[in-house]
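So the structure is just underneath, and the comments pick up after that.
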């Protein structure tokens, strides 16, 4: 059917400040409102003008001739409705068409929507863009989470025209290349927390492993050996063993890839070689690993406060039995030092944890210089890892000397949690050695270690060149 257009402003408009939007859904209306507030003149196009929805007041029905007055046209309709655009091929010839459509799932069609639109209207210049923005983001303006607009297209002039509009709306434009990248852009909104996938997989795997491990050592062991049912401890006491264990391992996994990268640079003698893909992926999700570790540490603090409440009845029963037996326990100064130090290190470690988490927020990190951000996330990060590791060592104290803690010849879970962070701290200390740190600093400043074999070949060629010159003389 013929397309009717609904202009927001019927006054005269030049082709430069007149924009056309095909589609009157939520996204089309929100985009038009933002463009109108920015100073553009906007014309709407709809197949059913009588059901355009809540458009701004003063809207009048116009015909497809209005599309000819707009240099840039936003296509805010689903791919299934693209066919009617063929009837407007003449009016849209030479126009810049911005395809903002998305699909419900990946690989739904053999080609990207923007490529299909370009094939449908070959006389137009199609640009893929604005598809990663929601109607809510357009209504409320750009924020840190959705400030970027991705563009791709075969015409540099067309992309620049769309980029000018996006910049005027307050967005940051990222050019992804030719129209062949349209499928990649259309897949972006379909991704569900892609940067959190690996951290969550690690968290679930480690939590499941340590939970099963603790249940076997504590609950099942007590039932088999002593015929005691202590399964009630699973909800609080055993959970409070799992949370700090996984939290400490996750925190150490934030800094382990940096240590591995440093040793790789030392081994290669240069910073200009790419890291392996697995290490790149690991380093890119360090922020998420740290936030998960902070969440688990917060649960550990909360459960630690709950445990005394659940045990107060047992405590009073124990005290009453001691009073009835007229027995007193001597004060152990060493154990008092150990307990106070253990709690003190725990409180300090959690405070540093919170500091790292707060500075990772975009609203806070954007206010810090690179040196300040690096100091907090690196220097204070390793200090946090050291304090939390020391807190765990104080918890264990002399347990490793007592055979009763090695149930079924297995290590206590706190010992397992110390393996990775202890290794990270030892490797970091090696990197801090003056001779190692000096070499690593030079490499990161651009210095490259020469290949001995390459140098020997170069010296032979140089000596041969000089010998030839001497014989010639």
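Glycine is no exception: its Cβ is also placed from the backbone N, Cα and C atoms.
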- Segment assigned the feature transmembrane segment in TrEMBL (from 414-436, 437-459): 414-436
- Which range of 172-195, 244-267 is transmembrane segment, per TrEMBL: 244-267
- TrEMBL record, transmembrane segment, of the ranges 322-341, 342-361 the matching one is 342-361
- Message: What residues elsewhere in the chain lie close to the transmembrane segment (414-436), defined as a C-beta under 8 angstroms and at least 6 residues from its ends?
- Response: 210, 213, 241, 244-246, 248-249, 251-253, 255-256, 259, 262-263, 266, 382, 385-386, 388-389, 392-393, 395-396, 399-400
- Query: Quick one: mean pLDDT on the domain 'Ferric oxidoreductase' (245-387)?
  - Reply: 86
